[in-house]
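Feature list (source: Swiss-Prot):
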- 1-23: topological domain 'Extracellular' (TOPO_DOM)
- Asn5: N-linked glycosylation site (CARBOHYD)
- 24-49: transmembrane segment (TRANSMEM)
- 61-87: transmembrane segment (TRANSMEM)
- 88-96: topological domain 'Extracellular' (TOPO_DOM)
- Cys96-Cys186: disulfide bond (DISULFID)
- 97-119: transmembrane segment (TRANSMEM)
- 139-163: transmembrane segment (TRANSMEM)
- 164-192: topological domain 'Extracellular' (TOPO_DOM)
- 193-218: transmembrane segment (TRANSMEM)
- 273-299: transmembrane segment (TRANSMEM)
- 300-312: topological domain 'Extracellular' (TOPO_DOM)
- 313-337: transmembrane segment (TRANSMEM)
Amino acid sequence: MRTLNTSTMDGTGLVVERDFSFRILTACFLSLLILSTLLGNTLVCAAVIRFRHLRSKVTNFFVISLAVSDLLVAVLVMPWKAVAEIAGFWPFGSFCNIWVAFDIMCSTASILNLCVISVDRYWAISSPFRYERKMTPKAAFILISVAWTLSVLISFIPVQLSWHKAKPTSPSDGNVTSLGKTTHNCDSSLSRTYAISSSLISFYIPVAIMIVTYTRIYRIAQKQIRRISALERAAVHAKNCQTTAGNGNPAECSQPESSFKMSFKRETKVLKTLSVIMGVFVCCWLPFFILNCMVPFCGSGETKPFCIDSITFDVFVWFGWANSSLNPIIYAFNADFRKAFSTLLGCYRLCPTSTNAIETVSINNNGAVVFSSHHEPRGSISKDCNLVYLIPHAVGSSEDLKKEEAGGIASPLEKLSPALSVILDYDTDVSLEKIQPITQNGQHPT
């Protein structure tokens with residue numbers, strides 16, 4: 001280092017020193033990214049292995065599969081590329097082809113698992129009773145197997161048979177990619193056919209499915225929230241009327257205005273949740289797959305259309321892999337997993353949770369509105385049943401909604417079973433985990 005510092009006057013030493021500093025910063029950043037990906041997904045897997053109740057929910061099967069694919073990205077893909085980035089060349093020789101296959105397989109599996117989760121959540125709230133009957137552990141394993149099988153088929157077979165490589169246009173291009181890298185950097189030119197077809201399967205088709213499913217989820221959730229809000233207004237209205245009647249002044253009986261604001265707040269929370277899910281995924285992967293389809297069309301003339309700098313390409317490659325570090329936060333950070341993480345990390349007693357005031361509005365067999373309130377730790381789940389924030393009873397299936405719109409909207413009270421209770425937790429965020437199917441008696445299946 002001293003020699004470098006004393007030789008900066010000629011310019012060469014300054015370049016070397018800057019390059020060394022850049023490599024150190026790159027190493028630190030990539031190490032943190034890899035460690036965070038390992039920690040987050042390892043915690044998800046360990047929590048599922050340690051706690052049986054996490055394995056009892058079919059939805060968590062897809063979260064586990066997602067965590068496994070992201071964990072493989074952190075083990076089989078990211079470290080090797082990080083070493084190559086720091087060293088400036090690929091030091092692992094013939095392991096290159098296997099690494100490329102692992103890269104395509106793990107990344108595709110992660111994206112397909114995200115797509116399966118979106119379909120699972122849409123089915124759960126659009127047809128809750130059919131979902132309860134059809135979405136068995138066997139059905140979940142079949143969907144997961146399809147996602148992983150497809151990931152293997154578009155990765156190992158084409159790579160090992162060299163179907164993914166573009167044919168060199170000249171003898172000098174035999175070991176050079178469209179990004180201007182030699183085989184020492186373990187980068188090979190993709191053929192146009194493979195680049196487009198693999199991008200369609202790995203990203204464009206799944207992202208289209210996710211956009212459709214999450215858009216429909218929001219529309220269903222919006223209708224549910226508005227109907228729940230109507231129920232709340234009717235319940236509070238009845239309570240106010242009972243109170244004023246007891247005071248001898250039954251004329252003053254008004255509708256609460258705050259219920260409209262709460263309905264808007266809940267709709268906003270659902271929209272924010274779904275926006276984060278789609279926004280993070282698209283921001284991480286879309287730039288890479290756009291470039292992935294552009295690079296094979298890189299021209300050889302003076303203008304060289306669709307050609308990009310290798311550093312730019314690598315940056316967006318890491319952007320895509322960074323999605324694996326964010327998935328545990330987005331998909332496995334509900335109350336069940338948070339409590340499991342706290343127990344595994346030994347901070348359950350050191351991090352006491354705050355309490356929320358929970359108001360329960362229920363309707364007994366006589367049709368009377370009954371109010372009760374209690375306190376529960378923030379993020380806790382009732383032992384009797386899971387909290388229902390988006391009630392499939394109030395929405396029904398998509399077919400029921402169409403019939404109802406044609407024949408007139410029934411009163412929200414008529415949509416409720418006598419034993420159904422609506423849990424109102426105004427401080428709790430809306431997440432996909434809270435969109436759950438329920439049975440005929442208004443309870444979650446055990």
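Cβ from N, Cα, C; glycine included.
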Checklist entry - Any chance the transmembrane segment (97-119) and the transmembrane segment (193-218) are in contact, meaning at least three CB pairs closer than 8 A with a sequence separation of 6+? => result yes
Next on the checklist: Going by a 10 angstroms cut-off between Cβ atoms, which of the disulfide-bonded residues Cys96, Cys186 has the sparsest surroundings?
Outcome noted: Cys96
Next on the checklist: Can you tell me which parts of the same chain pack against the transmembrane segment (24-49), counting only residues 6+ beyond its ends and a CB-CB cutoff under 8 A?
Outcome noted: 55, 60, 63-64, 67-68, 70-71, 73-75, 78-79, 82, 85-86, 318, 321-322, 324-325, 327-329, 332, 337, 340-341, 344-345
Item to check | Positions on the same chain near the transmembrane segment (61-87), where near means CB under 8 A and six or more residues out | outcome: 23, 26-27, 30-31, 33-34, 37-38, 40-42, 44-45, 48, 95, 99, 102-103, 106-107, 109-110, 113-114, 116-117, 120, 137, 140-141, 143-144, 147-148, 151, 185-186, 314, 317, 321, 324-325, 327-328, 331-332
Checklist entry - So which residues does the transmembrane segment (139-163) touch in its own chain, when a touch means Cβ under 8 Å and the partner is 6 or more beyond its ends? => result 58, 61-62, 65, 69, 97, 100-106, 108-109, 112-113, 115-116, 120, 191, 194, 197-198, 201-202
Checklist entry - In the topological domain 'Extracellular' (88-96), how many residues does DSSP assign to helix, to strand and to coil? => result 2 helix, 0 strand, 7 coil
Checklist entry - Over the topological domain 'Extracellular' (88-96), what is the model's average pLDDT? => result 88
